[in-house]
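Participant: Residues or ranges marked as pyridoxal 5'-phosphate binding site by TrEMBL: GLY99, ALA100, PHE132, ASP217, GLU218, VAL219, GLN220, THR275. Residues or ranges marked as N(2)-acetyl-L-ornithine binding site in TrEMBL: ARG135, THR274. Annotation comment: TrEMBL describes LYS246 as N6-(pyridoxal phosphate)lysine.
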Amino acid sequence: MSEHDNPLFATFARADLRVERGEGVWLVTEDGRRFLDFTGGIAVNSLGHAHPHLVAALSEQAARLWHVSNLFQIPGQERLAARLVEASFADKVFFTNSGAEALECAIKTARRYQYVSGHPERFRIVTFEGAFHGRTLATIAAGGQKKYLEGFGPKVEGFDQVAFGDIELVRAAVGPETAGILIEPIQGEGGVRSAAPEFLRQLRALCDEQGLMLIFDEVQTGVGRTGRFFAYENAGVEPDILASAKGIGGGFPLGACLATAEAAKGMTAGTHGTTFGGNPLGMAVGNAVLDVILADGFLDEVRHTALLFKQSLASLKDRFPDIVEEVRGEGLLIGLKPRVPNGQFVETLRRHQMLAAPAGDNVVRFLPPLVVSADEVREAMNRIEAACAELSAGSSESSAA
Ligand SMILES: *Cc1c(COP(=O)(O)O)cnc(C)c1O
(Lines of atoms letter the chains of each structure in order from A; the text may use other names.)
(Lines give C-alpha, C1' and ligand atoms only; values in the text may rest on other atoms or scores of the structure.)
Protein backbone atom coordinates (compact mmCIF):
# COMPACT_ATOMS: atom_id res chain seq x y z
CA MET A 1 0.00 0.00 0.00
CA SER A 2 1.42 3.42 -0.93
CA GLU A 3 2.13 5.95 1.77
CA HIS A 4 -0.56 8.17 0.28
CA ASP A 5 -3.52 5.75 0.72
CA ASN A 6 -2.30 4.22 3.95
CA PRO A 7 -4.67 5.21 6.78
CA LEU A 8 -2.05 4.44 9.46
CA PHE A 9 0.15 7.00 11.19
CA ALA A 10 3.41 7.09 9.27
CA THR A 11 5.43 6.44 12.47
CA PHE A 12 6.92 3.12 11.31
CA ALA A 13 9.13 2.48 8.28
CA ARG A 14 7.81 -1.03 7.73
CA ALA A 15 9.44 -3.76 5.67
CA ASP A 16 7.42 -4.90 2.68
CA LEU A 17 6.35 -8.22 4.19
CA ARG A 18 2.80 -9.32 4.89
CA VAL A 19 2.78 -12.20 7.34
CA GLU A 20 -0.16 -14.56 7.27
CA ARG A 21 0.75 -17.06 9.98
CA GLY A 22 3.52 -18.33 12.19
CA GLU A 23 4.77 -21.78 13.22
CA GLY A 24 7.45 -21.93 15.90
CA VAL A 25 10.43 -19.90 14.65
CA TRP A 26 8.95 -19.59 11.14
CA LEU A 27 6.73 -16.92 9.61
CA VAL A 28 4.75 -17.55 6.44
CA THR A 29 3.84 -14.61 4.23
CA GLU A 30 0.60 -14.13 2.29
CA ASP A 31 2.46 -15.15 -0.88
CA GLY A 32 3.61 -18.40 0.77
CA ARG A 33 7.28 -17.62 1.50
CA ARG A 34 8.77 -18.97 4.76
CA PHE A 35 11.04 -16.73 6.85
CA LEU A 36 13.23 -17.79 9.73
CA ASP A 37 12.17 -15.37 12.45
CA PHE A 38 15.12 -14.17 14.54
CA THR A 39 13.35 -10.88 15.28
CA GLY A 40 10.88 -12.74 17.50
CA GLY A 41 8.52 -9.75 17.53
CA ILE A 42 11.42 -7.80 19.12
CA ALA A 43 12.06 -10.25 21.96
CA VAL A 44 8.32 -10.79 22.48
CA ASN A 45 7.58 -14.22 20.95
CA SER A 46 9.50 -16.04 23.66
CA LEU A 47 7.86 -19.38 22.81
CA GLY A 48 7.68 -18.80 19.07
CA HIS A 49 4.52 -18.54 17.02
CA ALA A 50 1.34 -20.51 17.72
CA HIS A 51 2.85 -22.47 20.61
CA PRO A 52 0.19 -25.12 21.41
CA HIS A 53 0.28 -24.48 25.17
CA LEU A 54 -0.28 -20.73 24.71
CA VAL A 55 -2.98 -21.25 22.09
CA ALA A 56 -4.81 -23.63 24.43
CA ALA A 57 -4.50 -21.31 27.44
CA LEU A 58 -5.78 -18.29 25.53
CA SER A 59 -8.62 -20.19 23.81
CA GLU A 60 -9.78 -21.77 27.04
CA GLN A 61 -9.76 -18.41 28.83
CA ALA A 62 -11.44 -16.65 25.89
CA ALA A 63 -14.40 -19.01 26.13
CA ARG A 64 -14.77 -18.34 29.86
CA LEU A 65 -13.99 -14.71 30.77
CA TRP A 66 -12.11 -11.86 29.11
CA HIS A 67 -12.25 -8.90 31.42
CA VAL A 68 -13.73 -7.82 34.74
CA SER A 69 -11.59 -4.75 35.73
CA ASN A 70 -9.42 -4.33 38.78
CA LEU A 71 -12.46 -3.48 40.90
CA PHE A 72 -12.64 -7.25 41.49
CA GLN A 73 -10.23 -9.98 42.49
CA ILE A 74 -8.56 -11.78 39.62
CA PRO A 75 -7.23 -15.21 40.61
CA GLY A 76 -4.94 -15.41 37.57
CA GLN A 77 -3.17 -12.23 38.77
CA GLU A 78 -2.57 -13.65 42.21
CA ARG A 79 -1.19 -16.84 40.71
CA LEU A 80 1.10 -15.13 38.20
CA ALA A 81 2.30 -12.60 40.80
CA ALA A 82 3.06 -15.40 43.28
CA ARG A 83 5.08 -17.23 40.64
CA LEU A 84 7.04 -14.09 39.67
CA VAL A 85 7.76 -13.42 43.34
CA GLU A 86 8.86 -17.02 43.83
CA ALA A 87 11.22 -16.79 40.84
CA SER A 88 12.74 -13.39 41.67
CA PHE A 89 13.88 -10.83 44.27
CA ALA A 90 10.38 -9.32 44.45
CA ASP A 91 7.54 -9.44 46.98
CA LYS A 92 4.94 -7.41 45.05
CA VAL A 93 3.75 -7.12 41.45
CA PHE A 94 1.65 -4.65 39.44
CA PHE A 95 0.49 -5.77 35.96
CA THR A 96 0.44 -3.51 32.90
CA ASN A 97 -0.16 -3.84 29.15
CA SER A 98 3.26 -2.75 27.95
CA GLY A 99 6.87 -2.09 28.79
CA ALA A 100 6.51 1.69 28.95
CA GLU A 101 3.67 1.34 31.45
CA ALA A 102 5.76 -1.03 33.56
CA LEU A 103 8.48 1.67 33.56
CA GLU A 104 5.96 4.38 34.47
CA CYS A 105 4.91 2.23 37.41
CA ALA A 106 8.56 1.65 38.37
CA ILE A 107 9.36 5.38 38.29
CA LYS A 108 6.22 6.23 40.28
CA THR A 109 7.01 3.48 42.80
CA ALA A 110 10.53 4.88 43.36
CA ARG A 111 9.28 8.44 43.81
CA ARG A 112 6.46 7.36 46.06
CA TYR A 113 8.85 5.29 48.20
CA GLN A 114 10.90 8.42 48.88
CA TYR A 115 7.73 10.45 49.51
CA VAL A 116 6.41 8.09 52.20
CA SER A 117 9.92 7.68 53.65
CA GLY A 118 10.06 11.36 54.63
CA HIS A 119 11.86 12.54 51.47
CA PRO A 120 9.22 14.24 49.30
CA GLU A 121 12.05 16.29 47.72
CA ARG A 122 13.59 13.16 46.17
CA PHE A 123 12.07 12.59 42.75
CA ARG A 124 14.96 12.62 40.27
CA ILE A 125 16.17 9.45 38.55
CA VAL A 126 19.66 8.91 37.16
CA THR A 127 19.57 7.20 33.74
CA PHE A 128 22.15 6.27 31.10
CA GLU A 129 23.16 7.33 27.62
CA GLY A 130 22.00 4.89 24.96
CA ALA A 131 19.06 3.80 27.13
CA PHE A 132 15.61 2.95 25.85
CA HIS A 133 12.69 2.86 28.25
CA GLY A 134 9.64 3.38 26.00
CA ARG A 135 7.69 6.11 24.20
CA THR A 136 5.49 7.77 26.83
CA LEU A 137 6.36 11.33 27.83
CA ALA A 138 8.17 10.21 30.99
CA THR A 139 9.98 7.28 29.39
CA ILE A 140 11.31 9.36 26.47
CA ALA A 141 12.67 11.76 29.09
CA ALA A 142 14.21 8.79 30.94
CA GLY A 143 15.74 7.46 27.71
CA GLY A 144 17.01 10.94 26.91
CA GLN A 145 17.39 10.34 23.17
CA LYS A 146 17.05 13.55 21.23
CA LYS A 147 15.40 11.88 18.22
CA TYR A 148 12.51 10.70 20.42
CA LEU A 149 12.16 13.95 22.43
CA GLU A 150 12.23 16.43 19.59
CA GLY A 151 9.01 18.33 18.94
CA PHE A 152 7.08 16.97 21.89
CA GLY A 153 7.31 20.00 24.16
CA PRO A 154 9.28 20.36 27.36
CA LYS A 155 11.01 17.18 28.47
CA VAL A 156 9.43 15.68 31.59
CA GLU A 157 11.42 16.95 34.57
CA GLY A 158 13.48 14.71 36.80
CA PHE A 159 15.85 12.58 34.71
CA ASP A 160 19.62 13.05 34.81
CA GLN A 161 21.60 11.18 32.20
CA VAL A 162 25.18 10.01 32.49
CA ALA A 163 27.51 7.84 30.36
CA PHE A 164 26.88 4.07 30.60
CA GLY A 165 29.35 2.33 32.89
CA ASP A 166 31.17 5.03 34.87
CA ILE A 167 30.39 4.92 38.60
CA GLU A 168 32.14 8.23 39.30
CA LEU A 169 29.80 10.03 36.88
CA VAL A 170 26.81 8.39 38.58
CA ARG A 171 28.10 9.43 41.98
CA ALA A 172 28.50 13.01 40.74
CA ALA A 173 24.96 13.04 39.31
CA VAL A 174 23.36 11.94 42.59
CA GLY A 175 22.10 14.91 44.59
CA PRO A 176 19.68 15.70 47.41
CA GLU A 177 16.70 15.32 45.03
CA THR A 178 17.72 11.92 43.64
CA ALA A 179 15.21 9.12 44.23
CA GLY A 180 16.82 6.30 42.30
CA ILE A 181 18.91 4.92 39.45
CA LEU A 182 17.35 3.28 36.38
CA ILE A 183 19.36 0.97 34.12
CA GLU A 184 18.99 -1.83 31.59
CA PRO A 185 21.44 -4.60 32.60
CA ILE A 186 21.93 -5.00 28.85
CA GLN A 187 20.90 -2.12 26.61
CA GLY A 188 18.77 -3.73 23.90
CA GLU A 189 17.64 -0.95 21.55
CA GLY A 190 20.92 0.83 22.32
CA GLY A 191 22.87 -1.94 20.56
CA VAL A 192 23.16 -4.93 22.93
CA ARG A 193 25.55 -3.18 25.27
CA SER A 194 26.07 -5.08 28.56
CA ALA A 195 26.69 -3.31 31.84
CA ALA A 196 29.71 -4.85 33.58
CA PRO A 197 28.65 -6.94 36.60
CA GLU A 198 31.06 -4.85 38.65
CA PHE A 199 29.28 -1.66 37.58
CA LEU A 200 25.90 -3.08 38.65
CA ARG A 201 27.42 -4.04 42.01
CA GLN A 202 28.74 -0.49 42.40
CA LEU A 203 25.29 0.91 41.63
CA ARG A 204 23.76 -1.41 44.24
CA ALA A 205 26.29 -0.23 46.83
CA LEU A 206 25.70 3.43 45.97
CA CYS A 207 21.92 3.01 46.28
CA ASP A 208 22.32 1.29 49.66
CA GLU A 209 24.64 3.99 50.89
CA GLN A 210 22.39 6.89 49.76
CA GLY A 211 18.93 5.40 50.35
CA LEU A 212 18.14 5.25 46.61
CA MET A 213 15.97 2.84 44.67
CA LEU A 214 17.82 0.66 42.14
CA ILE A 215 15.50 0.06 39.19
CA PHE A 216 16.28 -2.48 36.46
CA ASP A 217 14.55 -2.22 33.10
CA GLU A 218 14.34 -5.88 32.09
CA VAL A 219 11.60 -5.39 29.52
CA GLN A 220 13.89 -6.87 26.87
CA THR A 221 16.34 -8.93 28.96
CA GLY A 222 13.84 -10.63 31.28
CA VAL A 223 11.88 -13.88 31.35
CA GLY A 224 14.58 -16.17 30.01
CA ARG A 225 16.02 -14.05 27.22
CA THR A 226 19.58 -14.15 28.56
CA GLY A 227 19.37 -17.77 29.70
CA ARG A 228 18.39 -16.76 33.25
CA PHE A 229 14.89 -15.87 34.36
CA PHE A 230 16.10 -12.29 34.84
CA ALA A 231 19.42 -10.93 33.56
CA TYR A 232 20.35 -9.51 36.97
CA GLU A 233 21.03 -13.11 38.09
CA ASN A 234 24.04 -13.14 35.74
CA ALA A 235 25.58 -10.30 37.77
CA GLY A 236 24.31 -11.42 41.17
CA VAL A 237 22.87 -7.96 41.88
CA GLU A 238 19.22 -7.53 42.90
CA PRO A 239 17.24 -4.36 42.23
CA ASP A 240 14.53 -2.83 44.42
CA ILE A 241 12.18 -2.42 41.48
CA LEU A 242 12.10 -4.11 38.06
CA ALA A 243 10.11 -3.54 34.88
CA SER A 244 9.22 -6.57 32.76
CA ALA A 245 7.18 -6.92 29.55
CA LYS A 246 7.86 -8.19 26.01
CA GLY A 247 8.63 -11.93 26.50
CA ILE A 248 6.42 -12.31 29.57
CA GLY A 249 3.30 -12.30 27.37
CA GLY A 250 4.73 -14.36 24.50
CA GLY A 251 2.86 -12.02 22.11
CA PHE A 252 -0.05 -11.01 24.31
CA PRO A 253 0.34 -7.35 25.44
CA LEU A 254 1.52 -7.80 29.01
CA GLY A 255 3.94 -6.12 31.36
CA ALA A 256 4.71 -6.16 35.06
CA CYS A 257 6.37 -3.97 37.64
CA LEU A 258 8.04 -6.01 40.38
CA ALA A 259 9.24 -4.59 43.69
CA THR A 260 10.32 -5.52 47.17
CA ALA A 261 7.68 -4.96 49.85
CA GLU A 262 9.75 -2.04 51.16
CA ALA A 263 10.03 -0.38 47.74
CA ALA A 264 6.29 -0.80 47.10
CA LYS A 265 5.19 0.50 50.50
CA GLY A 266 4.00 3.83 49.09
CA MET A 267 1.81 2.26 46.40
CA THR A 268 -1.34 2.12 48.47
CA ALA A 269 -5.00 1.96 47.37
CA GLY A 270 -5.82 4.66 44.86
CA THR A 271 -2.23 5.78 44.13
CA HIS A 272 -1.97 3.98 40.80
CA GLY A 273 -4.20 2.00 38.47
CA THR A 274 -4.98 0.53 35.06
CA THR A 275 -8.12 -0.57 33.24
CA PHE A 276 -6.74 -3.44 31.19
CA GLY A 277 -3.57 -4.35 33.09
CA GLY A 278 -3.73 -7.87 34.52
CA ASN A 279 -6.96 -8.85 32.81
CA PRO A 280 -7.86 -12.54 32.76
CA LEU A 281 -6.77 -13.08 29.13
CA GLY A 282 -3.32 -11.66 29.80
CA MET A 283 -3.00 -13.62 33.03
CA ALA A 284 -3.92 -16.90 31.34
CA VAL A 285 -1.20 -16.34 28.75
CA GLY A 286 1.39 -15.07 31.25
CA ASN A 287 0.85 -18.13 33.43
CA ALA A 288 1.14 -20.39 30.39
CA VAL A 289 4.43 -18.71 29.37
CA LEU A 290 5.82 -19.37 32.85
CA ASP A 291 4.63 -23.01 32.72
CA VAL A 292 7.14 -23.50 29.92
CA ILE A 293 9.98 -21.16 30.88
CA LEU A 294 10.11 -22.19 34.53
CA ALA A 295 9.87 -25.91 33.75
CA ASP A 296 12.91 -27.91 34.87
CA GLY A 297 15.74 -27.74 32.36
CA PHE A 298 14.18 -25.17 30.00
CA LEU A 299 16.63 -22.36 30.76
CA ASP A 300 19.54 -24.84 30.67
CA GLU A 301 18.47 -25.65 27.13
CA VAL A 302 18.30 -21.93 26.25
CA ARG A 303 21.86 -21.42 27.52
CA HIS A 304 23.03 -24.46 25.59
CA THR A 305 21.49 -23.32 22.28
CA ALA A 306 22.68 -19.76 22.88
CA LEU A 307 26.25 -20.96 23.35
CA LEU A 308 26.14 -22.87 20.07
CA PHE A 309 24.79 -19.78 18.30
CA LYS A 310 27.35 -17.43 19.80
CA GLN A 311 30.28 -19.77 19.06
CA SER A 312 29.09 -20.16 15.47
CA LEU A 313 28.87 -16.37 15.11
CA ALA A 314 32.37 -15.98 16.57
CA SER A 315 33.76 -18.35 13.95
CA LEU A 316 31.84 -16.45 11.27
CA LYS A 317 33.57 -13.28 12.45
CA ASP A 318 36.93 -15.02 11.91
CA ARG A 319 35.95 -16.00 8.38
CA PHE A 320 34.45 -12.62 7.42
CA PRO A 321 36.53 -10.03 9.27
CA ASP A 322 35.71 -7.57 6.47
CA ILE A 323 31.98 -7.83 7.27
CA VAL A 324 31.67 -8.73 10.98
CA GLU A 325 33.30 -6.35 13.45
CA GLU A 326 31.96 -7.74 16.70
CA VAL A 327 29.55 -10.25 18.24
CA ARG A 328 28.16 -9.49 21.70
CA GLY A 329 25.30 -10.16 24.09
CA GLU A 330 24.07 -12.75 26.51
CA GLY A 331 21.88 -15.81 25.94
CA LEU A 332 19.52 -15.27 23.01
CA LEU A 333 19.93 -11.48 23.04
CA ILE A 334 22.77 -11.30 20.56
CA GLY A 335 24.16 -8.34 18.67
CA LEU A 336 26.28 -8.55 15.54
CA LYS A 337 28.03 -5.34 14.62
CA PRO A 338 28.67 -5.39 10.86
CA ARG A 339 31.14 -3.24 8.95
CA VAL A 340 28.35 -2.31 6.54
CA PRO A 341 25.24 -0.30 7.56
CA ASN A 342 23.07 -2.50 9.81
CA GLY A 343 20.03 -1.76 7.62
CA GLN A 344 21.87 -3.20 4.61
CA PHE A 345 22.81 -6.32 6.62
CA VAL A 346 19.18 -6.81 7.75
CA GLU A 347 17.93 -6.40 4.17
CA THR A 348 20.48 -8.87 2.83
CA LEU A 349 19.40 -11.39 5.46
CA ARG A 350 15.78 -10.81 4.48
CA ARG A 351 16.61 -11.73 0.87
CA HIS A 352 17.87 -15.01 2.34
CA GLN A 353 14.50 -15.31 4.11
CA MET A 354 15.75 -14.63 7.58
CA LEU A 355 14.53 -11.81 9.85
CA ALA A 356 16.60 -9.83 12.36
CA ALA A 357 16.13 -6.46 14.07
CA PRO A 358 18.35 -3.40 13.78
CA ALA A 359 19.52 -1.64 16.97
CA GLY A 360 21.57 1.42 17.91
CA ASP A 361 25.35 1.58 17.45
CA ASN A 362 24.92 0.02 13.97
CA VAL A 363 24.09 -3.37 15.48
CA VAL A 364 21.95 -6.20 14.08
CA ARG A 365 20.01 -7.98 16.84
CA PHE A 366 19.18 -11.69 16.84
CA LEU A 367 16.25 -12.37 19.19
CA PRO A 368 14.97 -15.82 18.24
CA PRO A 369 12.20 -17.47 20.22
CA LEU A 370 13.69 -19.20 23.27
CA VAL A 371 12.42 -22.52 21.90
CA VAL A 372 14.74 -22.31 18.88
CA SER A 373 16.45 -25.67 18.28
CA ALA A 374 20.10 -26.41 17.49
CA ASP A 375 19.06 -27.37 13.94
CA GLU A 376 17.27 -24.05 13.51
CA VAL A 377 20.38 -22.23 14.75
CA ARG A 378 22.41 -24.12 12.11
CA GLU A 379 19.86 -23.11 9.48
CA ALA A 380 20.16 -19.49 10.67
CA MET A 381 23.96 -19.72 10.41
CA ASN A 382 23.68 -20.93 6.79
CA ARG A 383 21.63 -17.85 5.96
CA ILE A 384 23.81 -15.42 7.92
CA GLU A 385 26.87 -16.88 6.24
CA ALA A 386 25.27 -16.54 2.80
CA ALA A 387 24.47 -12.91 3.60
CA CYS A 388 28.06 -12.28 4.72
CA ALA A 389 29.44 -13.91 1.55
CA GLU A 390 27.18 -11.72 -0.59
CA LEU A 391 28.13 -8.56 1.31
CA SER A 392 31.81 -9.50 1.22
CA ALA A 393 31.72 -10.04 -2.58
CA GLY A 394 29.89 -6.71 -2.91
CA SER A 395 32.43 -4.84 -0.82
CA SER A 396 35.47 -6.34 -2.62
CA GLU A 397 33.86 -5.42 -5.98
CA SER A 398 33.33 -1.87 -4.84
CA SER A 399 36.86 -1.59 -3.46
CA ALA A 400 38.28 -3.06 -6.71
CA ALA A 401 36.31 -0.53 -8.76
C1 LIG B 1 10.70 -2.38 24.34
C2 LIG B 1 11.29 -1.76 25.57
C3 LIG B 1 10.55 -0.85 26.35
C4 LIG B 1 9.18 -0.35 25.94
O5 LIG B 1 8.24 -1.36 25.89
P6 LIG B 1 6.84 -1.11 25.14
O7 LIG B 1 6.08 -2.36 25.38
O8 LIG B 1 7.15 -0.83 23.71
O9 LIG B 1 6.21 0.08 25.79
C10 LIG B 1 11.14 -0.37 27.50
N11 LIG B 1 12.37 -0.76 27.88
C12 LIG B 1 13.10 -1.63 27.15
C13 LIG B 1 14.44 -2.05 27.64
C14 LIG B 1 12.58 -2.15 25.96
O15 LIG B 1 13.32 -3.00 25.24
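Glycine too: its Cβ is placed from the backbone N, Cα and C atoms.
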Participant: Based on the record's binding annotation for pyridoxal 5'-phosphate (GLY99, ALA100, PHE132, ASP217, GLU218, VAL219, GLN220, THR275), what whole-number value in Å is the widest Cα to Cα distance?
Facilitator: 25
Participant: Looking only at GLN220, THR274, THR275, which of these binding-site residues has the biggest number of Cβ atoms within 10 Å around its Cβ?
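Facilitator: Sorting the candidates by Cβ neighbours within 10 Å, the top entry is GLN220.
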Participant: Would you kindly give the Cα-Cα distance separating LYS246 (N6-(pyridoxal phosphate)lysine) and PHE132 (pyridoxal 5'-phosphate binding site), rounded to the nearest Å?
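Facilitator: Counting only the Cα atoms, the answer is 14 Å.
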Participant: Out of the binding-site residues I have (GLY99, GLU218, THR274), which ones have their Cβ sitting under 6 Å from ligand 1?
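Facilitator: Once distances to ligand 1 are taken from each Cβ, GLY99 fall under 6 Å.
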Participant: For ALA100 (pyridoxal 5'-phosphate binding site), which of the three DSSP-derived states applies: helix, strand, or coil?
Facilitator: helix
Participant: Anything within 10 Å of GLN220 (pyridoxal 5'-phosphate binding site)? Look among the recorded positions ARG135, LYS246, THR274, comparing CA atoms, and list what you find.
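Facilitator: Among ARG135, LYS246, THR274, the ones whose Cα sits within 10 Å of that of GLN220 (pyridoxal 5'-phosphate binding site) are LYS246.
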Participant: Tell me which residues of the chain lie with their Cβ under 8 angstroms from that of ARG135 (N(2)-acetyl-L-ornithine binding site), as long as they are six or more apart in sequence?
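Facilitator: Expected: ALA100, TYR148.
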Participant: How big is the Cα-to-Cα gap, in Å, between GLU218 (pyridoxal 5'-phosphate binding site) and THR274 (N(2)-acetyl-L-ornithine binding site)?
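Facilitator: Distance (Cα to Cα, whole Å): 21 Å.
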Participant: If you count the C-beta atoms lying within 10 Å of each candidate's C-beta, which of the binding-site residues ALA100, VAL219 ends up with the smallest number?
Facilitator: ALA100
Participant: Tell me whether the residue listed as 'N6-(pyridoxal phosphate)lysine' sits in a helix, a strand or coil according to DSSP.
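Facilitator: Where the residue listed as 'N6-(pyridoxal phosphate)lysine' sits, the three-state DSSP reduction gives helix.
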Participant: What does DSSP say about VAL219 (pyridoxal 5'-phosphate binding site): helix, strand or coil?
Facilitator: coil
